[in-house]
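According to TrEMBL, the protein carries these features:
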| type | residues | note |
| --- | --- | --- |
| DOMAIN | 10-289 | domain 'UvrD-like helicase ATP-binding' |
| BINDING | 31, 32, 33, 34, 35, 36, 37, 38 | ATP binding site |
| DOMAIN | 348-404 | domain 'Rhodanese' |
Ligand SMILES: Nc1ncnc2c1ncn2[C@@H]1O[C@H](COP(=O)(O)OP(=O)(O)OP(=O)(O)O)[C@@H](O)[C@H]1O
């Protein structure tokens, strides 16, 4: 039986999943963690492409972040889906730029959008800081913070002139100046991408018709994380005009954790309530042991929300470790050893921390204990370009089966990146290089990048105006030559594409969408999670609580949460921090 047939058979056994799977027209699935939302979505994509969407038509499968898109791609590939030029699996920003702005802006008369490069996000952030600094006095720290967050908020919400004018004049001026300076540099930032794409789709019927012809089906994972601008894009494609794209969206408002990007989880609820949309709730959590579900549910605003489990058992425990964070890491190492001694593979254990700094300390501490550690992309952003390089490295050194990468998919990624610089000859040379490198798996990873450069990889990305991808390759090269990945071989770079036999260490945010047998949470002090600035009852506090909820619900079997009762400041002084209030709310300490 193929994996797709098996997966369909699983869905058939669950009435809700089966209803959603068979829905014709728009369908929105609202469901808790582990209830099979991604399984349902990926199975629908695979089934639809095999049976309902004849070539040359395709589909767009989108989510918010690159790591989530990576997961989606992996799961879709695993179900046997073959690449096609009209199949897009990636982030919503990637879709907006690569599949809307790049091909259509010029033809639609938007030469302003057609000539701009996507800015390296760090450069855009620096530019905003500089512009705001120039508009405020040195001592006006609070005002500067407010100005930055207002500008970011307004840009993400695609605020109208009227909405902008509700803010202080200096904020409005700084916002305009920031945009002007970006344009003078020939750049657009991520918020511009959304705005241009929305304007193109809302304002041009030919663009809409072309998109519907290429991507008659739109699948959105983690819909609760889409900011209002992106939600407008989806609505414009699927509801507001006569040639609608079929929408299949899944999400969970209780897992909305990207408030800083302007998301409003209620948009998902509104979407599900629209006329013409079949709303399907799911209630069975297949992932977590029942005790984990019971505990996690105590964190919810609506603790009576109906969530049942399929797995018995499960354990959530809190541990007071008076020796501080490093003692927590050592205790975590012991938990890992106990788990592996009873047969749990290392890659079925995740260590989650609220901050990047704690992740780095945890990774260093676990390595010092002799444990192999996998850190999900902290040295460079996992953009489609760096993911492609990792994928090529993995395919070259580990082969098709072990790497999980098909050469044909990688070549589609190559074609997409090269844009109009792609040639059959260049592609044949790439394959030749990959086959040559199979004999040199211990060569430095930089050799692979040098080979790609000779084939014009970065200059093509520049020509297709993907400045964010170019910046991520630059960071990858720095990490491999002078940074923490110095000396990595092609094999080691390929191993970064997929975690095998290592403990995963990542932030609570990046752990979203993943699942493990054992979850260890470190640094669970009040002030860290929830963050000290999150006031009781505020939306920030609710978001911190959801982050904790998401973290706990990654586990199938066990959750171990550590706290010390204090943190150490950057000046080395101890600061009293009680255990996270969320541990109390779980009902496992008094
Ligand atoms: N009908 C089913 N039968 C068996 N296993 C299932 C079924 N539905 C889902 N699962 C399994 O449950 C687990 C969780 O599924 P999935 O990751 O799709 O859930 P999710 O709702 O997307 O989770 P989250 O929102 O927490 O990321 C996976 O291991 C999946 O294979």
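Just so it is clear, glycine is given a Cβ too, placed from its N, Cα and C backbone atoms.
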Averaged pLDDT, computed only over the residues in the domain 'UvrD-like helicase ATP-binding' (10-289): 93
Neighbour-count leader, CB within 10 A, binding-site residues: 35, 38: 35
Secondary-structure category, per DSSP, in which residue 37 (ATP binding site) falls: helix
Env. residues of ATP site, Cβ within 8 Å of mean position of 31, 32, 33, 34, 35, 36, 37, 38 Cβ: 250, 252, 282, 285, 286, 287
Set of same-chain residues at least 6 away whose C-beta sits under 8 angstroms from residue 31 (ATP binding site): 16, 37, 250, 252, 280, 281, 282, 283
Other C-beta atoms that fall within 10 angstroms of the C-beta of residue 34 (ATP binding site): 26
All-chain count of other Cβ atoms within 10 Å of residue 33 (ATP binding site): 24
Nonlocal residues around residue 32 (ATP binding site), in sequence order (Cβ under 8 Å, 6 or more apart): 252, 254, 282, 283, 285, 305, 307, 553
Distant-in-sequence Cβ neighbours of residue 36 (ATP binding site), under 8 Å, six or more positions away: 10, 11, 14, 17, 282, 284, 286
DSSP-assigned states of the domain 'Rhodanese' (348-404) in counts, ordered helix, strand, coil: 34 helix, 8 strand, 15 coil
